């Protein structure tokens, strides 16, 4: 196994770098220190940083395929074994205030028994808990343990986001029950978020399951067992996503039905008004022809009587429609 010295990482300009102390804590990387399975190195990079990118391209610690992946070419969740190390790509929730959570962050890891090199561009908030545990002395002790803690934090964030989406879905369903039409934009955004999450979390669950089943030397049986539990948990969350997607389709159908009913009611009302005023329109048109003079023109009460006649006709037609249960 290749000896990895702390000095080989000094030019990386990492977001943060540390060495596990083997007891759940962390220490700064000593330039003369050596990475071991008991006290491995962890270096976290922003691959858009020119110095970090240059280090990734120039270092001898990584295979060429891993360099390209860590530098931003790997997008979908997947796992790739290279010698004694493994390249893993994850997707996690974007909790940055200025961006939407469904704009998932890509998080890439190269890991073996001695070293973890992770990279991203946008901030991975899931790392904060993992880093905090290490700072408090209750974190990972090995690289395999670190990976399990990492995917556990990612899955927790995914689960919390799914709960938020589920709450939004319930609000839309309550609006439908109250005969209020939700905005199309809100439903479209919710459905898009559900579909995007489903698209990337399904292969991510497969990655977790593969990590749990493969005999990776740097993962203990306990690590594999916990990884399988996390994979199962993500699978249940995917089932919830499928149910939510189906419910958005039902809500869309209900909105279409409610809008059609509203349009039909308006059309029906206009038709009834036309039926009520059609006889009066006919009579006023007939009396206004003026071919032989307007009937009753010479009688001073003629106009009043004609208006009463029209009013009575309107009442009669309205009564007839009511009796016929059209109103």
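For all residues, glycine too, the Cβ spot is worked out from N, Cα and C.
The topological domain 'Cytoplasmic' annotation in Swiss-Prot covers 1-271, 322-327. Look at Swiss-Prot and you will find 272-292, 301-321 tagged as transmembrane segment. If you look up Swiss-Prot, you'll see 293-300 marked as topological domain 'Periplasmic'.
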Q. DSSP says what for the topological domain 'Cytoplasmic' (322-327): how many helix, strand, coil residues?
A. 2 helix, 0 strand, 4 coil
(Q) Using Cβ atoms and a strict cutoff of less than 8 Å, what residues sit near the topological domain 'Cytoplasmic' (322-327) while being 6 or more residues removed from its termini? (A) 272
Q. What average pLDDT does the predicted model assign to the topological domain 'Cytoplasmic' (1-271)?
A. 90
